[in-house]
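Report on one structure; see the data block that follows.
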Amino acid sequence: MNNWVTTYENHNYGLVISSRIRLARNLAKIPFSHKLNIEESKKVIKNVENAFYTFSNTEEKFKSNYLWDKNDNEKNIYLEKHLISKNLIDNSSKAAFILDDKETISIMINEEDHVRIQCITGGLNLEEVYDVSEKIDDLLEENLEYAFDEKLGYLTACPTNVGTGLRASVMLHLPSLSLNNQINGFLNALAQVGMTIRGLYGEGSKAIGNIYQISNQVTLGRSEEEILSNLKALVLQIINQEIISRENLMKKYKYELEDKIYRALGVLKSAVLLNSSECLKLLSDVRLGVEMGIIKDVNGITLNKLLVESQPATIQKIYGESLSNKDRDFNRAKFVREKLAVNTA
């Protein structure tokens, strides 16, 4: 399974940035995470580690990370890479995660549930990430007793996760639908089929840079295969709508669209100050140009990397010091200029 940041698939016009699976699990006869004190939570962590690291090669390929040992910037870097959730960070005093060396598998411990198995990769590859997450789940279940009800399925802290405990999501770049204000029209339609649309960092986040996450909202009464099949079909429909919208834009406003795209590239190559929001918006315009074949000398993987590396915590780490907002904006602009200079012809 490839790291989504270093993967750029031309299938579906490059619109699909990543596919992710999360499986919510809880240990039997133990209260949910929010009911546990620090000592009890650390026992859960130890139980999960003992169950996982008994298998061969796991200690060589995986590493435990304890959030109480990390500073805020380190935690936010993992969040910016989509490796952990905001909820896990909120539980820092009693939370941990096990991460593989390719940064594609993350087992979050003491988030909303005792265990959240997450697998993420590039492109529209829901079946692949589900297969990997299911294998991890089976390994853990060999040594852990899960909270499971014969009628309801897996028991979870949030009622919407009861059942399969499966949350599948696909991250999409939808600039044309955003520009035409068509995203809101999808909200009601998605809700009616048990799906939802969120921003770049999931629940409660904004769709900065025209990046959206489409995911299932309900797991009870539906099989894993049904959830994945429905989500994939829906994503393909949305991709088709985005492509049609782009074609219409190109027909009606060809010069204006090309001007917008090349101006964005020009600003990114020459700006002295860039805040994170402006940077993501400009990167979206350039990504649109790459996806439509208008810009031919920018690498799609470079844009994926900049999507992460231009974020506040990662910029702070790259320049190795506590930066003021203005200094961070200065260094972000410098970093983007240098990356685009190297990765353009």
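Quick reminder: no glycine exception, Cβ is built from N, Cα and C everywhere.
Per Swiss-Prot, the features are as follows:
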{"type": "DOMAIN", "residues": "15-245", "note": "domain 'Phosphagen kinase C-terminal'"}
{"type": "BINDING", "residues": "18-22, H82, R116, 167-171, 198-203", "note": "ATP binding site"}
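Annotated features, which come from Swiss-Prot, shown on the structure.
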residue	record	Cβ neighbours (10 Å)
S18	ATP binding site	23
I21	ATP binding site	27
R116	ATP binding site	26
S169	ATP binding site	26
R198	ATP binding site	17
Segment confidence, the domain 'Phosphagen kinase C-terminal' (15-245), expressed as mean pLDDT: 92
